Amino acid sequence: MKVAVLLILGCLLWEGSGFPEQEKNPVFWKEWAQRTLKNALTLQELNKNVAKNLILFLGDGMGVPTVTAARILKGQLNGQSGEETQLEMDKFPYVALSKTYNTNAQVPDSAGTATAFMCGVKANEGTVGVSAASVRSQCNTTRGNEVTSILKWAKDAGKSVGIVTTTRVNHATPSAAYAHCVDRDWYSDGDMPPEAVQSGCKDIARQLFENIPDINVIMGGGRKSMYPKNTPDMEYPAEKKHNGTRKDGRNLVEEWTDRVKDKKGEYVWNKKKLLSLNPNNVDYLLGLFEPADMAYELERNEETDPSLTEMVDIAIKILKKNERGFFLLVEGGRIDHGHHEGKAKQALYEAVEMDRAITRAGLLTSVYETMTVVTADHSHVFSFGGYTLRGNSIFGLAPMVSDVDQKPFTSILYGNGPGFKVVNGVRENVSTVDYKQSNYQAQSAVPLRMETHGGEDVAIFSKGPMAHLLHGVQEQHYIPHVMAYAACIGQNKDHCRTKSGSAPSLKHISPMLAVLLTVTWILC
């Protein structure tokens, strides 16, 4: 209540000086620091419970500059200055850094990094679910080099499992959860070279349904990879670019539907059908909402396409019915796409939407039994600077012009990408264009058709059981090992019994349930 009053007073005292009047008083900052210190002292009592549930939020391309800019945007969307705002992930008690390099790349791609944070093994760029012994695009290097993911470890332990993404469900990040493929671009057999198909390699869409056939929740885009070649899309039947791409003639959606029709399975392809479901009556859900990737949040049709938050809400309500718990991978995948296109506004709105989904997940779960991790696979050459004043629009201009070409510039810039613009032999004057529109491409130093990833470390935010083990500067492949340790799945199980052989701590559950669990432990 006291904090809320201070925030309200801050808004009332805002004077036009660029920051609230109360911030001139040293007491304001000292009291804020003391509240933060008081909260930090509570972390001395570590949460060592066994994690019943595991949630991994992956912001594709969400480097630290993107996190900071998204925080400012979130605040400004709420009518605030922005800098002092907290993202939901900012509230997590533990933060670490992740080293993102691939085994063969200093600046990584999303496939090799996904193999690291999903399978616990660093890998080559462009490959998913295989070790570094595999070579990209060489089918004959697949067999014998497969590595399994934390999603499979959770499924083998009896947990429900799910994948939710704003990209296609057979894109790099989600595919590392279930596929073993030497080329991330082999979305369907129609995207594979004939010799790879003849050699027995499987496309990623096929592996989604065959490798781990009982994934409980799958939501995202990617319809066209599931249907026979030239099959019209149900939502865009007149647009041939959205037709099915499979050369083997298989209808993977129909096969899946037939397999789960007596197991409370549901297939949906639009928001209306998704939100009409009663999660209590659904054990298996396949939601494919676009032929390829889902639309950017700023361009999403709110009548037909669900938001990431809405998908996460349904997913958790289905998965949490399992008494043994669940594992859920959630990808804000189009943050990356926005940056690649030089469209910072698209990227940052995607990041803010993912933060909303993190908030929703927190409301549906308990920190005592759910470990939640938020991280990124890699960064981008995205930055914002220029000595902007407090409260400056994150998409606005720097307060000065260049002292070299005497032209204004936006605070947001890219190191490389499609925003490199030359007009009459000189840098484009941004004041002559609408630099705040959704698809504006921020200026870049080097011209490229697509902006590149960045190679710096990314953040890992964590909360819940054993979250304190994600600390310091770590290799990216460490992440799933910690999550598995917290949930007593995978290879780390010895600690799940105390030295005396008794059950894990039961202090956060009801006495009756504690008795039942203890009896079960003894009998087992």
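Glycine residues also receive a Cβ, built from the backbone N, Cα and C atoms like all the rest.
Note that this is a predicted model, so its numbers are computed, not measured.
Quick look at what TrEMBL annotates:
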ACT_SITE  Ser110  active site, phosphoserine intermediate
BINDING   Asp60, His171, Thr173, Glu331  Mg(2+) binding site
BINDING   Asp60, Asp336, His340, Asp377, His378, His453  Zn(2+) binding site
SIGNAL    1-18  signal peptide
Cβ neighbours within the same chain of Glu331 (Mg(2+) binding site) - under 8 Å, at least six residues apart: Phe57, Leu58, Gly59, Asp60, Ile163, Val164, Thr165, Thr166, Thr167, Thr173, Pro174, Gly220
Cβ atoms near His340 (Zn(2+) binding site) (within 10 Å, other residues, all chains): 21
Cβ neighbours of His378 (Zn(2+) binding site) where a neighbour is any other Cβ within 10 Å: 28
Spatial neighbours, same chain, of His171 (Mg(2+) binding site) - Cβ under 8 Å, 6+ residues apart: Ser110, Thr165, Arg184, Gly220, Gly222, Asp293, Gly333
List of residues, in chain order, with Cβ under 8 A from that of Asp377 (Zn(2+) binding site) and at least 6 apart: Leu58, Asp60, Gly61, Thr100, Pro108, Ser110, Thr113, Ala114, Phe117, Thr173, Val458, Gln476
Residues close to Zn(2+) site centre defined by Asp60, Asp336, His340, Asp377, His378, His453, Cβ within 8 Å: Gly61, Asp109, Ser110, Ile335, His339, Ala376, Ser379, His380
Neighbourhood of His453 (Zn(2+) binding site), C-beta criterion under 8 angstroms, separation at least six: Gly61, Val107, Pro108, Asp109, His378, Ser379, His380, Val381
CB within-chain contacts under 8 A for Asp336 (Zn(2+) binding site), separation at least 6: Asp60, Gly61, Ser110, Ala347, His380
Ser110 (active site, phosphoserine intermediate) CB neighbourhood, other CB atoms within 10 A: 27
Count of other CB atoms lying within 10 Å of the CB belonging to Asp60 (Mg(2+) binding site): 29
